[in-house]
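Student: The active site, proton acceptor annotation in Swiss-Prot covers 130 and is backed by sequence analysis. The ATP binding site annotation in Swiss-Prot covers 13, 14, 15, 16, 17, 18, 19, 20, 21, 36, and the record cites sequence analysis as its basis. According to Swiss-Prot, the feature domain 'Protein kinase' maps to 7-289, an assignment based on sequence analysis.
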């Protein structure tokens with residue numbers, strides 16, 4: 001079961017789109033690691049997603065981003081050796097939360113770390129594009145780190161036209177759902193807002209089952225946008241003039257325990273129009289995080 005003589009595989013942690021992840025141990029140092037094992041198709045060579053992930057991960061060194069220690073390339077396998085993290089945010093919420101809901105203090109500390117990780121990505125011209133509780137890993141010290149850059153991609157200026165297939169539906173920004181292909185850093189900010197609400201309640205904020213259903217969930221809560229609230233929205237490929245018109249709801253109905261300062265940040269993250277969303281840098285300077293400001 002050895003990935004190589006250097007690491008011992010201990011147990012299987014999960015399977016992703018193109019990889020299996022094991023908990024492992026460095027035979028020499030005894031250090032625990034996560035081994036991401038990618039089977040290489042002899043015809044196709046290394047999947048481009050894997051190559052993208054590797055080249056990005058090796059550059060991104062930050063305390064809120066999972067560290068990639070090593071890449072071991074054998075004939076038919078690619079092994080990525082990551083730092084080992086105890087659990088993901090979803091599991092943390094299920095085991096530490098009250099029916100999944102976390103205390104405000106904990107939500108704040110995790111959000112601060114999440115936004116620091118996002119800022120570091122964005123400062124390095126990288127979009128994560130697939131932020132969700134399962135991609136945020138927590139270690140025993142309570143540190144939160146961004147993982148799984150399978151879909152991430154360095155973005156240049158001018159804005160590239162990206163492929164449409166990104167971000168798990170529940171955390172997907174309305175501009176992406178409406179078919180915009182010129183999205184930018186603001187798509188990660190929307191996902192962060194969805195994750196913040198979910199930490200408060202223990203439930204996904206917008207649990208849509210299809211592209212249209214996802215938009216319906218969003219509009220029902222945040223209000224249906226139109227040309228006056230979001231100029232040029234009607235030019236987006238998936239826009240329909242017959243979207244049901246909803247008025248925005250008060251989020252305190254869903255998150256009664258949220259205070260006004262936290263609500264202000266949440267609403268800044270969850271702006272329908274991407275240009276209106278707060279940036280990662282601005283969000284870290286928000287008064288809700290005052291206690292972390294030196």
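Cβ coordinates come from backbone N, Cα and C, glycine included.
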Student: Including all protein chains shown, what's the count of other C-beta atoms within 10 A of the C-beta of the residue listed as 'active site, proton acceptor'?
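Tutor: Neighbour count, Cβ to Cβ under the 10 Å cut-off: 22.
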Student: Give me the non-local Cβ neighbours of residue 15 (ATP binding site): same chain, 6+ apart in sequence, Cβ-Cβ under 8 Å, ordered along the sequence.
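Tutor: Spatial neighbours, sequence-distant, of residue 15 (ATP binding site): 21.
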Student: Distance between residue 19 (ATP binding site) and residue 130 (active site, proton acceptor) at the Cα atoms, whole Å?
Tutor: 16
Student: For the domain 'Protein kinase' (7-289), what's the mean pLDDT in this predicted model?
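Tutor: Residues in the domain 'Protein kinase' (7-289) carry a mean pLDDT of 89 in this prediction.
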Student: Note down the number of other Cβ atoms within 10 Å of the Cβ of residue 13 (ATP binding site), including every protein chain shown.
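Tutor: Counting Cβ neighbours of residue 13 (ATP binding site) within 10 Å gives 17.
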Student: Using C-alpha atoms only, work out the spacing between residue 13 (ATP binding site) and the residue listed as 'active site, proton acceptor' and round it to an integer in Å.
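Tutor: Computed Cα spacing between residue 13 (ATP binding site) and the residue listed as 'active site, proton acceptor' is 19 Å.
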Student: Other Cβ atoms within 10 Å is the metric here; tell me which of the binding-site residues 19, 21 scores highest.
Tutor: 19
Student: What kind of secondary structure is residue 130 (active site, proton acceptor) part of, going by DSSP in three states?
Tutor: coil
